[in-house]
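What follows is a structure written as structure tokens; I'll ask about it next.
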Amino acid sequence: MITIHSLVAVIPYEANDHLTDLNQTANTPMTHRCLNVLLVEDDPGDALLLQTLLTQTESVRFDLVYATRLAEGLESLSKTAFDIMLLDLSLPDSVGLETIDKVRTYTLDVPIIVLTGLDDEEIAMQAVQAGAQDYLAKGDLNENMLARAIRYAVERHRLQTELACAQRQEEENLKQANDELEMRVEARTAELQEANAHLQDEIAERIKAEREREALVNHLMAANQSLEELTEEVQQSHREIEQLIAEIPSILIGVEADNRISQWNAKAENALALSRAGVLGCTLSDSPMRWDTQTVLEGVRRCRELQRAIELDNVNFTRADRTNGFLRLTISPFQLSSADDLGVLILGQDITDRRLLESQLAQAQKLEAIGQLAAGIAHEINTPTQYVSDNTRFLQEAFHDLATLMNQYEAVCQAAQHDALTDAHLSAVEALATDIDAPYLRDEIPLAIQQSLEGLERVATIVRAMKDFSHPGGEEKVSTDLNKAIESTITVARNEWKYVADMVVDFDPDLPDVPCLIGDINQVILNIMVNAAHAIGDLVQAGNLSKGTITVKTRRVDDAVEIRIKDTGGGIPEAIQNKIFDPFFTTKEVGRGTGQGLAIAHGVVVEKHHGTISFETEIGRGSTFIIRLPLHPPVPEAT
């Protein structure tokens, strides 16, 4: 049964009565599927013949749109979705196989059956190779052959489209696997392409015996067999992929669109201490996994929203041995069967041991810095200790003299109590007071005590600064008084700068506390301060400068705290300005620097604190390093 749209307007008047009857027949209700057919044929007689043959077919209802020129047909394709296109190769505006090329250039979504008045196998083969699904000679057509050819062409096109979609889906999934998985999938894809090419060859061969129904049936049976074999190969590919997924050395969790877990490999079982059977089918929120569920769910949501991979660092979880650990997760989207269904693939690594090593390395680097400053710190402590020691000896001697004088006073007092006091007693006291220079002791003892207290306070200040600087800190950021932290660092590094520079501080007294990892920030300040002292020291050693200045300034700038460390050294040459934050880059002689100081500073400020570090420099006038730390750091997510 067929519905005609535009055929009445182009077929001669004598055929119109017959077309009217066909339209009435086409509107009769049918339970069979309706196929939308686009016929491009400039011969009204041939068009009427094709329409008549399709009308006589009762198994399928056809909805026919008719065009006499290729341009009209392409315009119809832009407006309507067709299941099949019947295309004549001799049109007023296009002739021969280039007609197929024009259609295929316009769209690949509609299967084509070529119609011609010639029964030429060579042309048939060329038409199929050009992109047609089938080739029919008009003079040999009957209603069953035409309907069957349309159905088979539509079905073949559907299967090829589904196969292409399946291949694209497989390729997207395989991107998440390791190099071995990619190689295996590429090999399997090549096999599928070869199988598809083999299927196309079989279809082309089958056209040769189109006029013989029995031969056509045999060819279709062979095609079905090939399709079954292809399906089995695809299933085998799925099984191989499942096996490879199970052997991936990373945690792998597949999640459906409704957040139900569909994949769980052996590494996930071992790392999370949960069996595959115990988690498959569970949702992420209801699963027995002992990890930071809210962080993972938020990462999955962001992955689907942005439709790109999301990385989560330092996700808390409970390890198989019941200890706390950290995971690094990569959450990647992948398309499921429906365009609206977006699953995710979670790849994870247990980074607990690496985090521990990083923490130990950071502490070791900090202790190494303190070790390098040890001689200077010892000197800083030795100076006040020396005059505390000298004053203590003075007080010891003064106490001995004063004790002797006190004994003499006691003798005078006892003589007075017994009315035996004589001028000799008083002369002895006066002589002893003169001998020990009592007025001098009265004036100097308080000064010696005050100097000793100041010296001890200086030592205590240095010790507190060392303790504050070298403290490893915690894993989480805490609100910190940066002014106090910088003062401690200045104290620790004093011996590095005091001989070559004066230290000027300009702290904002109203500076708010900053959430930070204080141990890491101390390391950053120390690295930059030591670099500033070395830059000035080079000029002092060369005789170009008697003494320089290091200025440390803190201010609040918008929603951040800014630290500026300025020196009056020689500046940074333009040729190396883009390299100073590179690891192991240094211009210092061997033994004076490893080239890690500014690289560590950049990593701490930018990566750990989401801040910025930059510099301003002028040759011959010095450099200023500018650190900005946000007062409200963003919530960590992958980036």
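Each residue, glycine too, has its Cβ placed from N, Cα and C.
TrEMBL labels come from automatic prediction, so no person has curated them.
According to TrEMBL, the record shows the following:
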type    : residues : note
DOMAIN  : 36-153   : domain 'Response regulatory'
MOD_RES : Asp88    : 4-aspartylphosphate
COILED  : 160-247  : coiled coil
DOMAIN  : 308-363  : domain 'PAC'
DOMAIN  : 376-633  : domain 'Histidine kinase'
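Where in this structure would I find these features, and how exposed are they?
When pLDDT is averaged over the domain 'Response regulatory' (36-153), the result is 87.
Sequence-distant neighbours of Asp88 (4-aspartylphosphate): residues of the same chain at least 6 apart with a C-beta under 8 Å from its C-beta are Val40, Glu41, Asp42, Asp43, Asp46, Val114, Leu115, Thr116. Asp88 (4-aspartylphosphate) carries a strand DSSP state (E or B).
DSSP labels the residues of the domain 'PAC' (308-363) in these numbers: 12 helix, 30 strand, 14 coil.
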Reported in the order helix, strand, coil, what are the DSSP residue counts of the domain 'Response regulatory' (36-153)?
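DSSP classes over the domain 'Response regulatory' (36-153) add up to 55 helix, 30 strand, 33 coil.
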